[in-house]
Amino acid sequence: MSFAELGLSEKVQQAVATAGYTQPTPIQAQAIPHVLARRDVLGVAQTGTGKTAAFTLPMLTLLESGRARARMPRTLILEPTRELAAQVEDNFDKYGINHKLSVALLIGGVSFGDQDAKITRGVDVLIATPGRLLDHFERGKLLLTGVELLVIDEADRMLDMGFIPDIERIVKLVPFTRQTLFFSATMPPEIQRLADAFLHNPIKVEVSRPASTASTITQRLIATGREDYEQRETLRDLIRNATDLQNAIIFCNRKRDVAVLHRSLQKHGFSVVALHGDMDQHARMAALDSFRSGDTPLLVASDVAARGLDIPAVSHVFNYDVPHHAEDYVHRIGRTGRAGRTGFAFTLVGPGDEKSLAAIEKLIGQPIEWEGPTLAERPASEARPARGRGRKEERQRGGRRGGGRGEVREEAQHAPREERAPQREERAPQREERAPQRAHEGREKKAGRDRSRHEEAEAPVIGLGDHVPAFLLRPVAIKKAK
Ligand code: AMP
């Protein structure tokens with residue numbers, strides 16, 4: 001199948017050729033003719049499948065006839081995150097080189113002014129996140145009654161992010177007679193309900209998950225300790241010992257962990273950026289650009305923040321946590337091993353993760369191999385009974401552990417600092433040697449200070465630790481016995 005057979009316009013075909021694409025991907029081959037025939041389409045596909053071009057290319061062709069009217073966008077694309085919205089805009093730039101279409105982006109963190117002016121002049125394509133679109137609408141600057149085609153992208157992510165009520169409101173504001181394209185990576189019942197409500201007699205197009213196709217990804221499980229600091233240490237060792245690591249995404253389940261892990265990795269000398277929902281737009285774009293360009297080889301991200309981002313050629317994916325939803329695992333590891341390249345996906349597993357892990361293995365239809373000891377083989381005392389149990393609780397329990405091999409190590413960690421010092425001295429040079437990405441040269445002093453602070457933060461301290469209060473060091477006059 002070639003692009004010429006899909007019914008795309010000459011201008012679009014030229015742009016596709018300029019982009020260097022010779023063959024449509026399966027979702028493009030299946031969806032494009034139906035979009036051009038003005039049918040509603042339900043696409044079950046995720047990022048990496050060429051899904052964005054599956055709707056941008058036929059949209060460009062359809063938009064060649066007709067003109068935009070003031071304040072009345074002709075087409076509307078809803079995206080769950082700002083980055084995805086920006087990425088779709090990039091696609092219009094890339095495939096729309098031969099067109100003179102007006103494309104506007106309505107996303108949080110960008111000033112209203114410019115976009116307002118554009119919309120007032122009239123836009124062919126409006127790309128928006130739901131909240132921002134409604135903000136504009138409520139300010140009376142926008143009319144949605146001219147929308148001929150509506151795209152709802154990443155619908156299951158919209159659901160996760162709580163955007164469904166907004167989407168339902170927006171759908172009521174666009175004409176009933178519009179054409180609708182609805183994309184979701186998964187089809188849970190809530191999403192199916194929405195698809196049934198929004199689409200009229202749709203063509204269903206489904207493409208296989210990357211997990212079932214990307215046999216080029218080496219997947220491994222790594223048993224880790226129960227404490228956050230152990231988890232971080234396991235991750236650092238993994239990164240340092242990884243073979244052929246070019247760049248990596250480290251996924252966390254919670255955005256709070258993204259921020260903590262980012263700081264921790266920085267303190268340990270890694271060159272790393274973070275992406276999570278609490279960052280402002282400028283910081284998110286800067287982080288992403290730095291990672292995309294290769295300036296920063298490591299990116300810590302949450303699923304929501306990273307969803308759908310087009311980041312080519314990631315050599316490694318590290319799952320700092322086992323994702324709660326099996327589909328997220330598939331999305332995460334789909335970031336590596338793309339287009340026939342080899343890739344590695346490592347997942348840190350602790351006790352309490354067994355159920356999530358079983359769900360993943362069921363979904364991908366195969367067990368994942370352990371690298372090193374399995375969770376069951378890991379000494380019980382080192383295992384975490386549940387996520388989130390922290391050092392505070394340990395300290396309250398006096399840091400005591402029962403008998404067994406693993407506990408000797410644990411006890412060593414809990415021993416007063418003087419006793420632990422030699423062990424740390426032995427380890428320190430090794431760490432320095434292995435650290436592949438020292439953020440800056442010549443910050444030894446600060447790094448040293450950071451490291452000691454960090455170790456304090458990571459290892460439970462007994463009593464006063466190595467701190468001797470000044471009053472204990474004061475010379476004491478001892479009265480002579482008469
Ligand atoms: P998407 O699934 O839309 O995020 O696209 C994933 C990547 O595939 C993007 O980098 C696209 O530029 C690229 N791509 C889209 N269509 C094709 C195609 N027909 N052939 C090769 N690469 C493509």
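Just so it is clear, glycine is given a Cβ too, placed from its N, Cα and C backbone atoms.
Please treat TrEMBL annotations as automatic predictions, because they have not gone through curation.
A quick note: this is a predicted structure, and the numbers were derived from the prediction, not measured.
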## Note on the structure
Between the ranges 1-29, 117-145, 175-203, TrEMBL assigns motif 'Q motif' to 1-29
### Message
Could you give me three numbers for the domain 'Helicase C-terminal' (237-381), the DSSP helix, strand and coil residue counts?
### Response
58 helix, 29 strand, 58 coil
## Note on the structure
DSSP tally for the domain 'DEAD-box RNA helicase Q' (1-29), helix/strand/coil in that order, comes to 18 helix, 0 strand, 11 coil
